[in-house]
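Novice: Okay, so Swiss-Prot annotates it like this:
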DISULFID  35-59  disulfide bond
DISULFID  38-88  disulfide bond
DISULFID  56-110  disulfide bond
DISULFID  60-112  disulfide bond
DISULFID  87-115  disulfide bond
CARBOHYD  80  N-linked glycosylation site
CARBOHYD  106  N-linked glycosylation site
SIGNAL    1-24  signal peptide
């Protein structure tokens, strides 16, 4: 019975990673095979309003591997998979107001650094 729980957990983890990857490609960018480098790109939605808003987009380092048994024993909540990654984030930005009341961050520099969305 315990074997089936572990097997189900691995399947669910794999499925969630696949879904995360699938949803991280907006508007048909899934068809591109290579991943562009981390750099400034113009936001196409705000470009329609005539306002040049730039965002950091691109790929950085990411990998996942099985957690070593020795490390798993010391965890408060043992996890079977360990991941390491860096994300394309803004090194510098300027706060701008668009359409009178919408406040945005217009990125001016990008680099690969800690993934802030992973931190809770």
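Any Cβ shown, glycine's included, is placed from N, Cα and C.
Describe each of these features in terms of where it is and what it packs against.
Specialist: Look at residue 35 (disulfide bond): DSSP puts it in coil.
For residue 38 (disulfide bond), the same-chain residues 6+ apart in sequence whose C-beta sits under 8 angstroms from its C-beta are 56, 57, 58, 59, 60, 88, 110, 111, 112.
Residue 56 (disulfide bond) falls within a strand segment according to DSSP. Its own atom aside, the Cβ of residue 56 (disulfide bond) has 21 Cβ atoms within 10 angstroms in the protein chains shown.
All protein chains shown were included, and the count of other CB atoms within 10 Å of the CB of residue 60 (disulfide bond) stands at 17.
Counting only residues at least six positions away in the same chain, the Cβ atoms of 85, 86, 87, 89 sit under 8 Å from the Cβ of residue 115 (disulfide bond).
Around the Cβ of residue 80 (N-linked glycosylation site), a 10 Å sphere holds 11 further Cβ atoms from the protein chains shown.
In sequence order, 52, 53, 54, 93, 94, 95, 96 are the residues of the chain that are 6 or more apart from residue 106 (N-linked glycosylation site) and have a CB within less than 8 Å of its CB.
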Novice: Counting Cβ neighbours within 10 Å across all chains shown, tell me which of the disulfide-bonded residues 35, 87, 110 comes out on top.
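Specialist: Checking each of 35, 87, 110, the winner is 110.
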